Amino acid sequence: MVLCRDFLTWCNETLQTALFKDYAPNGLQVEGREYIGKIVTSVTASRAAIDFAVEQKADLLLVHHGMFWKNELPTVTGWKKERIAALLRHDINMAGYHLPLDAHPTLGNNAQLADRLGFATEKRFGEQNLLNSGSLKQAKTLGALAAHIETVLQRKPVVIGNPEREIRRVAWCSGGAQGFFQTAIDEGVDLYLTGEISEAQYHLANETGTAFISAGHHATERYGVRALAESAAEVFGLEVCHFDENNPA
């Protein structure tokens with residue numbers, strides 16, 4: 001067992017949370033028991049994830065998407081009340097790490113995604129260094145790369161571009177980062193990979209010749225929170241369980 005505050009201090013220092021301008025609080029969002037020995041991870045602090053943490057008798061739920069965001073109504077009602085009530089009823093801490101967890105050079109969502117897809121990271125760039133660029137270890141056609149991504153992430157991606165086009169240089173940013181497509185285009189890459197697509201990206205891809213893949217917000221952000229928890233477990237001797245949902249978004 002370890003003091004929850006010591007665990008949180010380690011996470012905050014490891015992820016350098018103070019360096020980020022975020023639209024969600026990073027760190028403890030719902031306070032539970034003082035000491036923790038078992039952590040459950042999840043992409044999102046959903047009711048299903050909370051129920052799983054209760055079943056596992058976890059002391060802390062560690063997530064990427066917490067429950068509090070800027071520009072939301074500052075009220076605790078409905079589904080939010082039910083989630084928080086379940087955590088408080090069982091004295092479970094809930095901590096969330098958003099942009100700092102996307103950006104960490106080894107534990108972050110972008111780094112972990114690159115490891116799984118075989119991307120060699122060469123550069124971090126863009127807003128708060130949230131984008132990554134690099135090269136494939138071996139060039140692939142867009143169609144072959146999309147098939148590889150589907151196999152690894154277990155989700156069929158949305159692909160915009162000529163499937164026969166050779167892809168060598170890629171840029172990527174996990175989650176809902178389709179708004180950074182122009183930044184990736186300016187970097188001169190062959191492909192931009194992120195988790196979501198909006199209407200405009202279809203036209204940008206066709207008109208600039210830079211391919212675009214949307215591989216799923218949830219699917220591209222599974223791995224950072226797991227890596228963070230497993231790294232903390234080695235430091236503090238914690239037990240870790242991972243929760244996942246079949247979220248198609």
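Cβ atoms are placed via backbone N, Cα and C, with glycine included.
Record check: Swiss-Prot places Asp102, Glu221 at the divalent metal cation 1 site, and the matching candidate among His64, His242 is His64.
Under the three-state DSSP scheme, Asp102 (divalent metal cation 1 binding site) falls in the helix class. Sequence-distant neighbours of Glu221 (divalent metal cation 1 binding site) (same chain, 6+ apart, CB under 8 A from its CB) are Val43, His64, Asp102, Asn109, Ser174, Gly175, Gly195. Taking the binding-site residues His64, His65, His217 in turn and counting surrounding C-beta atoms within 10 angstroms, the largest count is reached at His64.
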